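Novice: For reference, TrEMBL lists these features for the protein:
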| type | residues | note |
| --- | --- | --- |
| COMPBIAS | 321-332 | compositional bias 'Basic and acidic residues' |
| DOMAIN | 23-297 | domain 'Sugar phosphate transporter' |
| REGION | 302-332 | region 'Disordered' |
| TRANSMEM | 12-31 | transmembrane segment |
| TRANSMEM | 43-66 | transmembrane segment |
| TRANSMEM | 78-96 | transmembrane segment |
| TRANSMEM | 133-150 | transmembrane segment |
| TRANSMEM | 156-174 | transmembrane segment |
| TRANSMEM | 186-207 | transmembrane segment |
| TRANSMEM | 219-238 | transmembrane segment |
| TRANSMEM | 250-273 | transmembrane segment |
| TRANSMEM | 279-299 | transmembrane segment |
Amino acid sequence: MAPASKADKKAAVDAAAWLFNVVTSVGIIIVNKALMATYGFSFATTLTGMHFATTTLMTAVLRWLGYIQSSHLPFPELLKFVLFANFSIVGMNVSLMWNSVGFYQIAKLSMIPVSCLLEVVFDKIRYSRDTKLSIALVLLGVGVCTVTDVSVNTKGFVAAFIAVWSTSLQQYYVHFLQRKYSLSSFNLLGHTAPAQAASLLLVGPFLDYWLTNKRIDAFNFTVPSLVFIVLSCTIAVGTNLSQFICIGRFTAVSFQVLGHMKTILVLILGFLFFGKEGLNLHVVIGMIIAVVGMVWYGNASSKPGGKERHSHSSRSSQQKHGSESSEIDEKV
């Protein structure tokens, strides 16, 4: 009974963490779209810096209250993470501006195979045939749903390449740092958020001016726009925290696969709230394929042999003792 109870508890916590991420991610998309479309606040990089500044304030308060214990993260590790994370943010913004929506979506889809490659190379992860096929099915379904016109140019391709690799490295590094230095999600945020806030608030206004030809100091800050900015920053605290929690529990690949569920939800909410224009047969088929792929992935990756980390010590020990146990060293 005890193992089953422990498994049920883990499943419940995993589901809660994922729901937290979905709610905050979809919420911030809606708020930011309103902020940019209705009030013309197009300073995406600076807004992200504000998000991390708010997150830094939250971690400082929690540390003062005693909810976050002191921890250590070497400066070189922090620097690498901040570089990956900031290149991800800037790369995504530039990629969206320079590429068609179709190619932007293809670039986002390519993060899953890149994340798989990082796990195979650095963590010696091996995927079963079913796990690989389920990932392919998710990619197919989301591609059918979202990819429309596809056009690309050289600078757009470079921006997308930087965005994909930096985002994949940043998400891999979240899991890596939590595991290597035994950091909780709050602790890791406490280390990374201040550095990201400072760097993005310093670079953001100049980058946003380059991208939009608009200066943030010339923006007309009204009470409604300030309310939406505060709301965006508040929700971002939950988004940042939930991302670290989910990657820490699921790994970067699982986070990417499950992350496309948010794409499906955003599409469904768009159809519900903004009418059925664009809701056609191929979009519905794509949604069904993607959801089936996600369910299949969850089932395949959780089975023995679905997704495993192998080590030389495990295999040599098995050969020495003639054990009948499997070759897996650690289930991911």
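We number each residue from 1, going along the chain as drawn.
Cβ atoms are placed via backbone N, Cα and C, with glycine included.
Bear in mind that TrEMBL entries carry predicted annotations, made automatically and left uncurated.
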Novice: By a Cβ-Cβ criterion of under 8 Å, what residues six or more beyond either terminus of the transmembrane segment (78-96) are in contact with it?
Specialist: 44-45, 48, 104, 107, 156, 159-160, 162-164, 166-167, 169-170, 173-174, 177, 191-192, 195-196, 199-200, 203, 207, 211
Novice: For the transmembrane segment (12-31) against the transmembrane segment (219-238), do we get 3 or more Cβ-Cβ pairs below 8 Å once near-sequence pairs (under 6 apart) are dropped?
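Specialist: These two segments touch.
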Novice: Among 43-66, 133-150, 250-273, 279-299, point out the range having the most Cβ pairs under 8 angstroms from the transmembrane segment (186-207).
Specialist: 43-66
Novice: Give me the stretch from 43-66, 133-150, 250-273 with the greatest number of Cβ pairs under 8 Å to the transmembrane segment (279-299).
Specialist: 133-150
